[in-house]
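A.B. asks: Next up is a structure, given as structure tokens.
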Amino acid sequence: MNPYIIATLLFSLGLGTTITFASSHWLLAWMGLEINTLAIIPLMARNHHPRAVEATTKYFLTQATAAAVLLFASVSNAWVTGQWDISYMTHPLPNTLIILALSLKIGLAPLHTWMPEVLQGLDLTTGLILSTWQKLAPFYLFLQVAPMNHTLLIVLGLFSTLVGGWGGLNQTQLRKILAYSSIAHLGWMILVLQFSPRLTLLALLTYFVMTFSLFMVFKFNNSTTLNSLTTSWAKAPALTAMLPLILLSLGGLPPLTGFLPKWMILLELTKQSLALIATLAALSALLSLFFYLRVSYAMTLTISPNNTTGTLPWRLNSHLPSTPLALAASLTTCLLPIAPATMALLAS
């Protein structure tokens, strides 16, 4: 694809997100979401592969459905209340419809089934955009809309953590594993959204850093399956040693960065007298940790095959810039010492 076209599409992605961020009117927010969707579709289909075209079609139909529900809910709210303001959602029916539409947009369970299939059909760069940038605008609207049905968010969040852990157990495709990881992390963010929006933002930002690191590792090794990771130790031994730390950070083990948001979310849920929900969420993290460890095992502890097909990738050095990966990997593993300062900031 022409670099000027790619630059235009990336600019449109930023423009759509910025319009949603800057809007207090439902029509403008909807317009920003639509610009975002229309900008990423050509990026998804640029490989002209049947699998990519299928993923693009699924993504377009899903996002169009979510946008239609969101527009219907905002029009219904304007009909009932006479207001188009995002923060003025006082009727329970439009409020619930907005929550469900945004859940469909970002892939919360049980509205998640499109996410693994779409991510599986994309290249790693576009998958990274879909897993990170495309979640910013819907999350802004989540933070702006005061949910009237608090049980709904807890059910969506808890179900997402369980589905995200359970769905990735038997996967061998790395992009599907990343999709279920995304669903599980979104569940953690939604669980605490109504109690501490700042904590949700902290979890979202740390998730972005950790996911960026993991996508960059897979792109550096040009790997999309567990089997293709087995030759990575011969190409980049230092990166091979770093990957388990990144994966364990995603799983939320101390003393790595991923432990920070999960620890604070469990603390907040306990303060809100939701000890059972916190326990179930913590147990669901064990499911996610299992398939993260499977990826670590495939990359670090498996001896690569000695046939010609297995040895060929060893001779192909990656020419990707390593500085962003090194920075992101450092942040993924070393941010836990700032936890006291972060807790003081959230408490203020």
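Heads up, the Cβ atoms here are built off N, Cα and C, so glycines get one too.
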A.B. asks: Between 57-76, 177-196, I'd like to know which one TrEMBL lists as transmembrane segment.
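C.D. replies: Based on what TrEMBL states, transmembrane segment spans 57-76.
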A.B. asks: Any chance the transmembrane segment (201-221) and the transmembrane segment (273-293) are in contact, meaning at least three CB pairs closer than 8 A with a sequence separation of 6+?
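C.D. replies: No; fewer than 3 Cβ pairs under 8 Å.
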A.B. asks: Residues sitting near the transmembrane segment (57-76): Cβ under 8 Å, six or more positions beyond its termini, same chain?
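C.D. replies: Residues packing against the transmembrane segment (57-76) from afar: 26-27, 30, 33-34, 37, 40-41, 44, 84, 91, 93-95, 97-98, 100-102, 104-105, 114, 117-118, 121, 130.
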A.B. asks: If you count Cβ pairs under 8 Å, which stretch among 152-170, 233-253, 273-293 touches the transmembrane segment (325-347) the most?
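C.D. replies: Result: 233-253.
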